[in-house]
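Listed features, source TrEMBL:
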type    : residues                               : note
BINDING : Arg26, His127, Thr347                  : substrate binding site
BINDING : Gly102, Tyr103, Ser174, His202, Thr230 : pyridoxal 5'-phosphate binding site
DOMAIN  : 34-375                                 : domain 'Aminotransferase class I/classII large'
MOD_RES : Lys233                                 : N6-(pyridoxal phosphate)lysine
Amino acid sequence: MSPSAFAWSERLSEAAAWRRAQGLWRERRTFKADLIDFAGNDYIGLAGDPRLAEAQAAGARRFGSGAGASHLVSGHLEIHEALEQRLADLVGRPRALLFSTGYMANLGTLQALCDSDTQVFQDRLNHASLLDGAKLAGARSRRFHHRDLDDLERLLARAPSETPRLVISDGVFSMDGDVANVGGLRDICTRYGAWLMIDDAHGLGVLGPQGDGCVGRAHGVDQVAVLVGTLGKALGTGGAFVAGSEALIDHLIQYARPYVYTTAQPPGVAAATLAALDILAAEPERRDRLRDSIRYFRHEATLLGLPLTDSFTPIQPLVLGESEAVMHWAARLQEAGLLVGAIRPPTVPQGEARLRITLNATHTREALDHLLETLAQLHEEGMH
Ligand SMILES: *Cc1c(COP(=O)(O)O)cnc(C)c1O
């Protein structure tokens, strides 16, 4: 064996051993349809809707299974153009730009907007793609305490004023379910001449009067300069978009490398998203059902004394603290036919391991009761 091959396998096995020793080894579960899904982000039950599948097939028949090239070469098709227009209309912005994933939308946007002279301020619980995007841009992220406007203001006041500043927050926090104080962030940004970027991956399709998210039509470009939405969650398909001014979108088309150097999204997926947007507008009762389930779950869980947070979104974490407790509860729930997320460090801070329970509009009252009864049983056994 050559010395360099030896060094690599050593390095990998050390990294694996370290993960295992901490009890943090990650494994993929092949999702079985016999489990009730309380882990996913398909909040209004669109991912399995046959109308989306039909639209996707029709889109593929008409435009091809793949786009065949990047947007700047020959991959930008009519269906992408139509989808961008619809997304811009949904959130009330002049323009939107389609990306293949939310991760890439954030990498591309931050890499195009920031460099080593840019001051970036992030909520400490922001999504990994926002932290990674700033890193890719060579900008240093200062992180403020979660939803703490005073802490943000303290950091802004200390930063040199002649450099561009960007404040970034999740709209709905993906592991906690609480919502950014967008009004407060906007006021501070105005005072310090900073731009505000909100990633509303978990708010779009769920919050807002038309499912337009936590920073939809009522929050124009002058309040939230950069809005990111993803399509793989409540909209049930895949991909993402950035919405904002004409100048912002033009800038991204010029400079966002993760946009420029990648194949455009398969046209069938764009067609399915257009169908999802039709359903979002035509069937507001899906959001009503979801709201009812959230209210019911929280009411019953409170009576049971479960450690709820104060989230009013479909993300309802139970913070148990230790990773072992979380793994034990998740395994027992799975034996009962219930799939929930088991979230451990480094995804969440040390000592804050949690079950990430998500509710969606397809859950029946029976399914919710089964979940609540199983949680009550585990709670009584007292392992956390
Ligand atoms: C899921 C998520 C993303 C990534 O979106 P993908 O389309 O899954 O890559 C980005 N930001 C936040 C806040 C998310 O929750």
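Glycine is treated like the rest: Cβ placed from N, Cα and C.
Curation plays no part in TrEMBL annotations; they are all automatic predictions.
Fewest Cβ neighbours within 10 Å among the binding-site residues Ser174, Thr230, Thr347: this applies to Thr347.
In this structure, the binding-site residues that sit close to ligand 1, with a C-beta under 6 angstroms from any of its atoms, are Gly102, Tyr103, His127, Ser174, chosen from Arg26, Gly102, Tyr103, His127, Ser174.
Cβ packing within 10 Å was compared across the recorded positions Arg26, His127, His202, Lys233, and the lowest neighbour count falls to Arg26. In the three-state DSSP assignment, the secondary structure recorded for Ser174 (pyridoxal 5'-phosphate binding site) is coil. Comparing His202 (pyridoxal 5'-phosphate binding site) with Lys233 (N6-(pyridoxal phosphate)lysine), their Cα atoms are 7 Å apart once rounded. A 10 Å cutoff on Cβ-Cβ distances gives Gly102 (pyridoxal 5'-phosphate binding site) a total of 24 other Cβ atoms nearby, all chains included. In this view, Tyr103 (pyridoxal 5'-phosphate binding site) is surrounded by 18 other Cβ atoms within 10 Å of its Cβ, with every protein chain counted. Look at Thr230 (pyridoxal 5'-phosphate binding site): DSSP puts it in a strand.
A distance of 9 Å separates the Cα atom of Tyr103 (pyridoxal 5'-phosphate binding site) from that of His127 (substrate binding site). In terms of C-alpha distance, the listed recorded positions Arg26, His127, Lys233, Thr347 place His127 closest to Ser174 (pyridoxal 5'-phosphate binding site). Residue pair Thr230 (pyridoxal 5'-phosphate binding site) / Arg26 (substrate binding site) shows a Cα separation of 24 Å. The binding residues for substrate are recorded as Arg26, His127, Thr347; their greatest pairwise CA distance is 18 Å. Thr347 (substrate binding site) sits 19 Å from Lys233 (N6-(pyridoxal phosphate)lysine), taking the C-alpha atoms as the reference points. A Cα-Cα distance of 10 Å separates Lys233 (N6-(pyridoxal phosphate)lysine) from Gly102 (pyridoxal 5'-phosphate binding site). Gly102 (pyridoxal 5'-phosphate binding site) sits 10 Å from His127 (substrate binding site), taking the C-alpha atoms as the reference points.
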